[in-house]
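J.: Before I ask anything, here is the structure I am working with.
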């Protein structure tokens, strides 16, 4: 066992005395700014784990967390609160549009594309574009149906814009609001149900309407069969997005309640599609168009024979 004297602290002399005793010793000045000290050695495998966390987005800085906290803490009546829902880049919007056009079987649109970051930019402009696409295409369709009639005078129907806006925006906001309230009520009874926020549901409905923009443009074709084929394709694509998104939210509920919810979602979607086609494009004059053209010829033929 060591003696007590061996455990005493020993005071060293100054640097000059030590250098005089050992002139070949290497010296480093820690106050020299040109000297850099390496990092402490890390345990094996720690570098790989840090790189993995960086790729997964788990290694967030304190500044990012602070900014995120400030971003989420704005009151709902301020402009800054709603500004966060328009803070998306072009890649995110295009990726969500692609997801609504090419739904992946068995994949949830909210979990796959929205990822707890819903936006209102895409749904707002999709609905606005769809309103003008339906109104303008409906006017052009009516013009093409009566093209060539001498007694027909084209008058733009501007009221179609307001009607289309009322229908589209009411569907894109009121239906998600009712669905959100229903899911919230059922979630209080069945705790294992998947829950969505109101803005996530609005985001799903908004992006699911994108396919109707090219469909509305193609509805100008004055062929009823073509129009119904187009509406069935649009219904199949957009309806599958809604079903695959909301089925996980209700499948843990009572079987009848779950099926009734999905059927209601699909029926409202069908009602919107068929209603827009019937009101804005499928004009009653199409059925009487051949009679209106042949009637003058028959009158002229009868006059000549007499």
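Each residue, glycine too, has its Cβ placed from N, Cα and C.
Features from Swiss-Prot:
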COMPBIAS  50-63  compositional bias 'Acidic residues'
CARBOHYD  297  N-linked glycosylation site
REGION    30-63  region 'Disordered'
TOPO_DOM  1-119  topological domain 'Cytoplasmic'
TOPO_DOM  141-162  topological domain 'Lumenal'
TOPO_DOM  184-200  topological domain 'Cytoplasmic'
TOPO_DOM  222-227  topological domain 'Lumenal'
TOPO_DOM  249-256  topological domain 'Cytoplasmic'
TOPO_DOM  278-306  topological domain 'Lumenal'
TRANSMEM  120-140  transmembrane segment
TRANSMEM  163-183  transmembrane segment
TRANSMEM  201-221  transmembrane segment
TRANSMEM  228-248  transmembrane segment
TRANSMEM  257-277  transmembrane segment
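Show me how these features fit into the shown structure, please.
T.: In this model, the topological domain 'Cytoplasmic' (184-200) carries an average pLDDT of 81.
Remote same-chain partners of the topological domain 'Cytoplasmic' (249-256), defined as residues 6 or more beyond its termini with a Cβ less than 8 Å from a stretch Cβ, comprise 183, 186, 189-190, 192-196, 262.
Sequence-distant contacts of the transmembrane segment (201-221) (same chain, at least 6 residues past either end, Cβ-Cβ under 8 Å): 96-97, 99-101, 109-110, 114, 118-120, 122-124, 126-127, 129-130, 133-134, 137-138, 140-141, 144, 168, 171-173, 175-176, 179-180, 227, 230-231, 233-234, 237-238, 241-242, 245-246, 273, 276-277, 280-281.
Among residues of the same chain six or more beyond the transmembrane segment (257-277), those with a C-beta under 8 A of the stretch's C-beta atoms are 134, 164, 167, 171, 175, 179, 182, 186, 212, 216, 219, 227-228, 231, 234-235, 238-239, 242-243, 246-247, 250-251.
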J.: Residues sitting near the topological domain 'Lumenal' (222-227): Cβ under 8 Å, six or more positions beyond its termini, same chain?
T.: 141, 144-145, 277, 281-282, 286
J.: Would you kindly list the residues that approach the topological domain 'Cytoplasmic' (184-200) from elsewhere in its chain, counting only those six or more residues past its ends and only Cβ-Cβ distances under 8 Å?
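T.: Answer is 85, 110, 114, 116, 118, 120, 176-177, 248-250, 252-253, 257.
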